[in-house]
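Enquirer: Residues or ranges marked as active site, electrophile in Swiss-Prot (evidence: sequence analysis): H102. According to Swiss-Prot, the feature active site, proton acceptor maps to E172, an assignment based on sequence analysis. Summarising the annotation, Swiss-Prot assigns substrate binding site to N10, W11, K12, G178, S218, G239, G240 and lists sequence analysis as the type of evidence.
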Amino acid sequence: MRRVPLIAGNWKMNLDHLQSIAVVQKLAWTLKDAGHDFGAVEVAVFPPFTDLRSVQTLVAADKLPIAFGGQDVSEHDSGAYTGEIAASFLAALEARYVIIGHSERRTLHNETDEQVAAKTAQAVKNGISPIVCVGETAEDLEKHGASAVPVAQLRAALAGIDSAADFVVAYEPVWAIGSGQAATPEQAEQVAAALRAVIAEALGDEVAAKTRILYGGSVKSGNIAGFMRETNVDGALVGGASLDVAEFAAIIRYQKHVI
């Protein structure tokens, strides 16, 4: 089964709404000028929540073939949860995706596997495709190997959804994020294959075959092609490099470097 690659840019807590508009416009122009085929490689951006309405308006008005989504979502429908964002709010903004379980959420906000599962279920219930992030720390890697922790995290996240759900998995080794030291393509492939096996076990072979698995962690234009040659790697979740339009566009256009 052919899986359309997805290159997603997580802007984290960077860019205000005016800056986000400028970056999306410049990215769209750059890719259009380069003749990018959006049907061959999907593009998505994840601005801060305060920027989403501006990005939605721009994408709709200019009919830009760029998807967008939230960086996190609440595990609750609504209520007295100060500062949280309901999945229904993201759906009202026509967000296609939402990032769930990013290592920064797990580490800085002590997010548990149970919360990740609840957030994943909320996204699916509201028609949003969750990008479920999993990954091991350097200590985990040394103690348990590369795939043990990501496999356990994904297994927990899938507990709240069924085979009809549309979701994406992002493998982000914590030791690689923002470090400049990426995993090797072979390491990413090993873990991605293990994650696909977990999906097959939980939801069946058909779901596993169609689910996209991304790699994230110090992705740049100079190494993306190596990851994309691997059988089970279907794209990338890009952090800091996605803030540089020229660099992000070069990552998106990785196919010209793949032989």
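Each Cβ is built from the backbone N, Cα and C atoms, and glycine gets one as well.
Just tell me what is around each of these and how deep it sits.
Expert: Here H102 (active site, electrophile) comes close to N10, Q71, D72, C133, E172: these same-chain residues lie at least six apart in sequence, with C-beta atoms under 8 angstroms from its C-beta.
Secondary structure at E172 (active site, proton acceptor), taken from DSSP and collapsed to helix, strand or coil, is coil.
Within 10 Å of the C-beta atom of G240 (substrate binding site) sit 19 other C-beta atoms, taking all shown protein chains into account.
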Enquirer: Give me the count of other Cβ atoms within 10 A of the Cβ belonging to G239 (substrate binding site).
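Expert: Here the count is 21.
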Enquirer: Quick one: among the recorded positions N10, E172, G178, which has the most Cβ atoms sitting within 10 Å of its own Cβ?
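Expert: Top count of Cβ atoms within 10 Å goes to E172.
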Enquirer: Just counting, how many other CB atoms are there within 10 A of the CB of K12 (substrate binding site)?
Expert: 18
